[in-house]
Amino acid sequence: MTTPMQAGAYAATPAPGVAAARAMDLSKVYGQGETKVVALDQVSVEFRQAQFTAIMGPSGSGKSTLMHCMAGLDTISSGSARIGDTELTSLKDKKLTQLRRDRIGFIFQAFNLLPTLTGLENITLPMDIAGRKPDPQWMDRVIETVGLSGRLKHRPNQLSGGQQQRVAVARALASKPEIIFGDEPTGNLDSRSGAEVLGFLRNSVRELGQTVVMVTHDPVAASYSDRVIFLADGRIVDDMANPTADSVLDRMKAFDGKARTT
Amino acid sequence: MFRTALRNVLAHKARLLMTVLAVMLGVAFVSGTLVFTATIQNAFQKSSEEGFSHVDVAIQPNKNKGESISGPTNNLSQRTLDKANQLSGVESAIGVADGFAGLADKNGDLVGDGFSTQGANYYAGQDGTDERYPLQKGRAPQQSSEVALDSETAERTGYKIGDTVPVSVQGPVQKQKVVGIFTTDDGAVSAGGSLLLFDNKTAQQLFAQPGQYSEIQLTAASGTSQKELKKAVTGILPPDSEAITGQQLADDQSEMIKQQTSGMQTAMLAFAGIALFVGVFIIANTFTMLVAQRTKELALMRAVGASRRQVTRSVLFEAGAVGISASVLGFGAGLGIALGLESAMGSMGGMPEGPMIISASTIVTTLLVGVLVTVLAAWLPARRAARIPPVAAMGSVHAPATTRSLVVRNIIGAILAGAGGALVLYATTAEDGEAAMGLGAAVLLIGVFVLTPLLSRPLIAAAAPALKLFKVSGKLARQNAVRNPRRTAATASALMIGLTLITGLTVVATGVQNAIDKMASDALKADYQVSMANFQPMSPKIQETLKSLDEVESVTPWRMSPAMVDGESEQLAGVNPSTVQDLISVEFTEGGWNGLGGGNAVVVDEKTADKRGWQVGSEISVTYQDGKRGQLTVSGLYEGNQLVQGIQMDAEVLATHMAKVTDMQVYVKTDGGPSDSVKAALEKSLGDNPSILVEDKQDISESISQVINILLNILYGLLAMAVIVAVLGVINTLAMSVFERGQEIGMLRAIGLDRRGVKRMVRLESLVISLFGGVMGIALGVFFGWAAGELIASAGLDTYSLVLPWDRLAIFLVLAAVVGMLAALWPARRAAKLNMLAAIKTE
């Protein structure tokens, strides 16, 4: 918004539909005085429904912080963050927890699953916590989509890393959340398993109408998305629609070069 | 290597906190016991030395013949005293006549516990005073109605000179006038007893025989040693008496005190040992977890060239450092415990003053115990640490919870538990099975420890229906509890030990109480049993007085006198043949009480008769207490029990052979049966004597249960230490688990489990582990209680039967639950406060 490059990027994003999540002048500051670090500096962004968005940026750019703040995992220093029409800043811990449970799905890089629960139990965990019964038809469809039918009784330590992340994707999808946040969901996977998981995420957007926001530093992963947002030093510096691995890589090189020259 | 170990200890201060506390408590118990017993031994020794400072040599009736029954009670005559006074080297000679003398306070209650309430003579020397008892106020007693009080008792009771006080020696209460108050350094008085002084003549009548003394005390003239004086005295010793130096008397007394306190010391150390044993589980658990958490670190050390032995040693060194700091803290806390015990004993008036004794050996023992226990408990985890391969340093995965096979462990456990259980079962049927039972119990207990991981799954699964009520939190709690069976087992075992002992003791105590109740109600037909509070014999006047009351239907004395019967010493019991069948109920297999009327007839319990080969009609020879010989005829046999056994005869006949006729008990049957008014009438007729107990069956049962309850409460108190250590263990395990599962808890919070749910999950896990330990402890305790009861029953308490104290068992289970809830307070808060983001961010 503040740079010409960004303005251009916005124009290139034809985005119909309603915002599933939105940040307005969102800032996140750690520490005080001398040790003060601004992780997010008045970021404003919208994630539209039924769209697959990737957030990219170098280490320390604030991409994970942005996701944590918008997902209600971390508190906000100033500004606003909304899921649908719900303002997160006004929610106490209990309501926030409920919101995460009922309206958001999560996929982390690791430690997605409880080792004591079977695959199926892990998938239904958020609904168990809420005390809701899963919709069996939907469950079948989700499980079929991620291709786990034969492995539901297995415990996580009996599954490969890729299979574990597929369980995590299924869990995130199972409760039909308004939005799914992924934090480097393929970070620990080999490229083939990673491609599978990303494929499922893209399919869930295309076929199931799911909204997905994913933090990644991998251009190939980003190329599965509909839109890439680039962060640097706590600000959004670019916004790219219909990315390919090459275009993302080029853009990143440009940043690197720019960073070096400035 | 040592520096890394030390750094590790410092870095994990918080995680080692519970371990340090556990060791500290055990060590404090040990050092407190050692310091306390040394202190009281020293204090009592000093006080007994002071007590004998006026005695250089004492002439005493011979006690070594102990069981001897020939001749009247040995007393020393005035002639011996006079002769002693003439001896060269004797400064002064004092005749002593002393014995039990009860004093009632202003409420009519007995002062002191009945055993240290003494009476003695005021023996005026040449100058008219008794140097043992310097008078503080007033004058010495001069006639039979006068008495002098020791100053401490006077202060405690508030009696002043001129007061009339109720005093009882053997029979009815006498009103005595206080004419003097004196000070004394008598050890018994400084330890909380009371001392009454009578004039010489009265004291001789009360405690010896007129004109006789129970002891003669001599002081040596200057220049004469105790030994020389003793030699001189030997010449004038009457038969059946001996001369003992004052030093010897003091030594004997302090030796006796030492023996008594060393019994207490052993018991307290045993409980300290239990607490330390419980601590072992916690230490082992902690180090196992620390090693698991540091797998990478230790592997790195191996990778950069540390040998296995060095890794083991570094872990052991850590344990040593923990042990040393815990022991030092524990030693300090132990001094506090000793001080507390001392002041508690002091406030009960049972302790002479003295400095606190901290010997070098106490310090060394205490520190050594703490360090050794810690290092030994860390031994296995240290060995395990050494087996971590260097390659583990490269692994990117968080240390996996290795589920090593439990098969070998289960087999060993099953063998031990089976063998131990079989041995216990065998012991219940064997004669003299105590040793076998003790061994069996120990082996079974160890077997169960080894088996707990196996048992944890089915037992905790049994709790699943209840846990379902708590939805996800309950389900996760159950799974977390069985996730690391070894850790859960060790934690639960720590609690199990305490509850096993508590339950076992309670089961046995309940059974014993029940048995004694049953015996009393089976054997006694009498409405009341009258006896002295201190089990001293009492004057036959009491039964005469009771017999004359309108309310009383029949009375029999229970008169005991030692005798030699067919060459062995026995107690002869005298009863009233015409009334005894109304008062005491025993089953006769042959003959009956009415056969006793003939004077020389006796009835004997079957066991004694069997042992001695007597039958109805047997003639047995007897030498009575007064030295006369006679013939007795067995006229009946009865089934004895714990209350009624031995040789019974006509009390009147027995009385003619007793030096001083006394009754141990009097049994009374009243017209209207027991009631408050009848009891009051009986007590009134005896002058409301504080030292005489008038008890109905209810009272007897209550006084027995009081004794049992006091004993149980003391044991509960001592075992509480083991339970507290077990609570620390549960806290420790939970805190470690919360720490280890930080990422999981963070993930759960992220996907929507609220703080309450997290707290509940940790609390339920704690509850499940504690109840698991509790159920196992109670079950084992009931088994041991049953087995020990079988032994007790076969050892002679025929009326013993297993009575399960359901109410108490329920309380113990609730206690286990409370332990679980309390232990979870802190870990659950920590888990709920966990920073979600820090938890889910990857390393």
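Placement of Cβ uses the backbone N, Cα and C atoms for every residue, glycine included.
Quantities reported herein were computed from a predicted structural model and do not represent experimental measurements.
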Q) Can you check which of B:13-37, B:488-512 TrEMBL lists as transmembrane segment? A) B:488-512
Q: Six or more residues out from either end of the transmembrane segment (B:439-467), which same-chain residues have a Cβ under 8 Å from its Cβ atoms?
A: 406, 409-410, 412-427, 474-475, 477-478, 481-482, 485-486, 488-490, 492-493, 496-497, 500, 764, 768, 771-772, 775-776, 780, 784, 787
Q: Go through B:17-234, B:270-390, B:718-835 and flag the stretch with the largest number of C-beta pairs under 8 Å relative to the domain 'MacB-like periplasmic core' (B:488-684).
A: B:718-835
Q | Contacting positions for the transmembrane segment (B:809-828) when only residues 6+ beyond its ends and CB under 8 Å are counted | A | 495, 499, 502-503, 506, 723, 726-727, 730-731, 734-735, 737-738, 758-760, 762-763, 765-771, 773-775, 777-778, 782
Q: Using a Cβ cut-off of under 8 Å, list the residues of the same chain at least 6 residues beyond the transmembrane segment (B:268-292) that approach it.
A: 8, 12, 15-16, 18-19, 22-23, 25-27, 29-30, 33-34, 37, 298, 315, 318-319, 322, 369, 373-374, 376-378, 380-382, 384-385, 388, 399, 401, 486-487, 490-491, 493-494, 497-498, 501, 718-719, 721-722, 725-726, 728-729, 732-733, 736, 740
**Q.** Within-chain partners of the transmembrane segment (B:357-380) [C-beta distance under 8 Å, separation at least 6 from its ends]
**A.** 19, 23-24, 26-27, 30-31, 34-35, 38-39, 41-42, 276, 279-281, 283-284, 287-288, 315-316, 318-320, 322-324, 326-328, 330-331, 334-335
